[in-house]
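Asker: Before I ask anything, here is the structure I am working with.
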Amino acid sequence: MSALADFQNSIYLQGLGDVRPSLPTDLTRLEGLAEGVLSAQAFGYVAGSAGSEATARANRDAFDRWRIVPRFLRDVAHRDLSVDVLGTAMPSPILLAPIGVQSIFHPDGELATARAAGAEGVTMVLSTASSHSIEEVAEANGDGAPRWYQLYWPKDRDLAVSFLERAKAAGYTALVVTLDTFTLAWRPRDLDQAYLPFLRGIGVANYFSDPVFQKAVGGPVTDANRDAALLHWVANFGNPSLTWDDLVFLRDHWDGPIALKGVQHPDDARRAVDAGMDGVIVSNHGGRQVDGAVASLDALPGVVDAVRDQATVLFDSGIRTGSDVAKALALGAKAVLLARPYAYGLALGGQAGVQHVLRCIQAELELTMALSGVTRPDELSPEILVRA
Ligand SMILES: Cc1cc2nc3c(=O)[nH]c(=O)nc-3n(C[C@H](O)[C@H](O)[C@H](O)COP(=O)(O)O)c2cc1C
Ligand SMILES: CCCCCCC(=O)C(=O)O
């Protein structure tokens, strides 16, 4: 048995003293509870997706179409979930996905998430659009805690370089470059409420604190130039004219591993390998960008097949349970990024809420694996799955 499954026992033992977990252990229940504590705008922002939200639903349906076939009598007494992903040692194949503007969910925002990740030894991927700066989040995360940085590649190349240098100096070891959100998609829940956190000054901490950004807006951001600074942010946030050739620039300015997030097509995965990228993250941004896009899990096997072992394949979009993690790993992902469930944990319980989510999903993964005859993530293969 491992520390992860011990978590399950510790809950049962608390029951002897009539203590119950303060949050549900079925993580699919968190969204409904979070709706009760968040403003309608914040809840719409996190729970909403693009258009009719068909892709968000497809992400979940794709998991339901695969079923695990348990196997027994395989000596699963000793289980080890640890993995090495792009040079980072991890206790399990689960990272915290980049989620921007976290202070709309909890006053401590990314600081609470970073403390939770640091306490659990789980790698946090910090968004460029965070509500606390690169440096503040690193401090909350703690010395030696594993952390990666996610880049929204701005039009201003000097600003991009400044972000990369700040991230490197603050101990972020790998770079995630998100391809699918150079502009916001059509998101009806936000449009109907005329709500965008950035225009209210949330999610711009890294920009407003950056010397290159400040120079571009004529000095530090104050009440006097705040509106102009926000307009500059809007104009510079993303760059739709980027091409594969531009990746050379990133390679030249980041000496650690780089993973491209948002890859869905096998040819794009091959191009990532050709461009010297170390990893790809199969993701459709949780259905928040292209409504009607292929379910992320359905795109995974084609990408795995395309890159073979020339790059590390990670996965997100739709992960809600430990069994979902097992399915994504069985279909070839090296690790997964957990997203909305931890945002709901943050909303419901701050740092403790995020830790609860991490402990539950890791314990559930370990138990699912053991009860399926598997002791290590790399033993998961399509052989444990059938089509429903
Ligand atoms: C509220 C919210 C904010 C997000 N912000 C970012 C971000 O700043 N950068 C990024 O690469 N992805 C961002 N994402 C996308 C997640 O990293 C992830 O790809 C997606 O949420 C996965 O779908 P799931 O939450 O349904 O599993 C965001 C997602 C949500 C829900
Ligand atoms: C202007 C686009 C900002 C998006 C940042 C957050 C995000 O990725 C999301 O899905 O929301």
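The backbone N, Cα and C atoms fix where each Cβ goes, and this holds for glycine too.
Bear in mind that TrEMBL entries carry predicted annotations, made automatically and left uncurated.
According to TrEMBL, the protein has these features:
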- H285: active site, proton acceptor (ACT_SITE)
- Y45, Y152, R187, H285, R288: glyoxylate binding site (BINDING)
- P98, I99, G100, S127, Q150, T178, K261, S283, D316, S317, G318, I319, R320: FMN binding site (BINDING)
- 19-388: domain 'FMN hydroxy acid dehydrogenase' (DOMAIN)
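How about a rundown of where these features are and what they're close to?
Answerer: Look at H285 (active site, proton acceptor): DSSP puts it in a helix.
Note on Y152 (glyoxylate binding site): other Cβ atoms within 10 Å of its Cβ, all shown chains, come to 20.
Take the CB of Q150 (FMN binding site) and look out to 10 A: across all protein chains shown you find 27 other CB atoms.
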Asker: Distance between K261 (FMN binding site) and Y152 (glyoxylate binding site) at the Cα atoms, whole Å?
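Answerer: So the alpha carbons of K261 (FMN binding site) and Y152 (glyoxylate binding site) sit roughly 11 Å from each other.
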Asker: Cα of G318 (FMN binding site) to Cα of Y152 (glyoxylate binding site): how many Å, rounded?
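Answerer: Between the Cα atoms of G318 (FMN binding site) and Y152 (glyoxylate binding site), the distance comes to 22 Å.
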Asker: Looking at the binding-site residues P98, G100, Q150, D316, R320, whose Cα is closest in space to that of Y45 (glyoxylate binding site)?
Answerer: G100
Asker: Under 8 Å between C-beta atoms and at least six apart in sequence, can you list the same-chain neighbours of H285 (active site, proton acceptor), or say none if there are none?
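Answerer: In sequence order, the residues whose Cβ lies under 8 Å from that of H285 (active site, proton acceptor) (at least 6 apart) are T178, D180, T181, G262, S317.
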